[in-house]
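*Asks:* Handing you this structure, nothing more for now.
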Amino acid sequence: MRSKWMVPLAVALSVAAAPAVDAAATFGMTAAASAALSARIGEITAGTARPDTSTLAVSSSDTQAAEPAERPPAKKRKLPKGFVYLDEVIPAAQYDIRYFSDYNFVGARVEGYKAPFAVMTQQAAKALKAVAGDLAAKGYKLVIYDAYRPQKAVDHFIRWSKDPKDQKTKDIFYPDTDKSKLFKLGYLASKSGHSRGSTVDLSIASVETGKLVDMGGSFDFLGPVSAHGAKLANAAHTANRSLLKKAMEKRGFKAYSKEWWHYTLAKEPYPKTYFDFDVE
């Protein structure tokens with residue numbers, strides 16, 4: 001199973017400055033990961049890279065929590081009735097909104113994500129706040145990757161899935177899965193529970209260190225290891241997933257069998273409504 005290395009830029013650039021040093025050997029990377037690192041270093045040294053990235057994500061399993069790619073705008077929009085911004089309800093959580101960035105399986109910012117915010121229904125946010133309190137007592141904080149997802153974002157996923165030439169994220173997010181089968185296998189859907197506003201993608205991290213708890217695979221890794229009960233996950237990974245699962249189920253959330261990070265409020269307020277307002 002692949003693991004995502006978060007390589008400090010200072011270290012990576014020092015390697016770039018020394019041509020005799022093999023990046024793959026230095027960091028223990030695969031050839032694909034080394035190539036990704038080299039490409040990113042090239043952007044940085046050429047002055048074309050975004051200045052907001054303090055680490056390089058070059059493979060597929062998170063080892064530490066990442067900060068949002070950009071600072072949120074000072075003023076938020078007025079949300080539709082019944083919805084709230086999660087950071088206003090759970091300020092102690094860590095927010096790493098992947099679809100606002102280009103570090104996701106699409107490889108670009110997803111349509112409908114105009115700001116790095118997490119939005120949920122009031123009922124789901126209240127329940128998630130209780131989860132956060134329960135886990136804080138055990139030394140953990142929530143790490144939020146996604147919550148409400150506009151229908152236009154789902155439509156973006158559909159268009160991406162129909163482009164067989166676009167395989168730039170395959171090595172990181174779906175190395176052993178045929179892109180054309182992601183919908184059939186249940187990793188993507190034309191109608192997502194996220195668009196109903198009461199589904200969240202999340203993990204947990206240590207309050208003390210900020211380091212992500214090792215779940216044996218990263219968020220949005222589209223393969224069998226991501227499933228609850230996956231045989232590819234070892235005992236420690238399974239125990240960590242169980243810790244999150246029990247905390248979520250205690251407060252009324254139900255798990256999705258194929259993705260350890262995906263939970264939906266069982267008594268969601270809009271079970272048949274799919275919203276399409278932007279996250280901004």
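Cβ from N, Cα, C; glycine included.
TrEMBL annotations: computationally assigned, not manually curated.
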*Asks:* Quick one: which of 52-75, 196-219 does TrEMBL have down as region 'Disordered'?
*Replies:* 52-75
*Asks:* Hey, for the Zn(2+) site built from His194, Asp201, His262, who else sits with CB inside 8 A of the CB center?
*Replies:* Tyr145, Asp146, Ala147, Arg149, Ser192, Gly193, Thr199, Val200, Tyr256, Glu259, Trp261, Tyr263, Thr264
*Asks:* Quiz question: given the recorded positions Asp201, Glu259, which has the greatest number of C-beta atoms lying within 10 angstroms of its own C-beta?
*Replies:* Asp201
*Asks:* To the nearest Å, how far is the Cα of His194 (Zn(2+) binding site) from the Cα of Arg149 (site 'Transition state stabilizer')?
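*Replies:* It is 5 Å, counting Cα to Cα.
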*Asks:* Based on Cα distances to Arg149 (site 'Transition state stabilizer'), point out the closest of the recorded positions Asp201, Glu259, His262.
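*Replies:* Given the candidates Asp201, Glu259, His262, the nearest one is Asp201.
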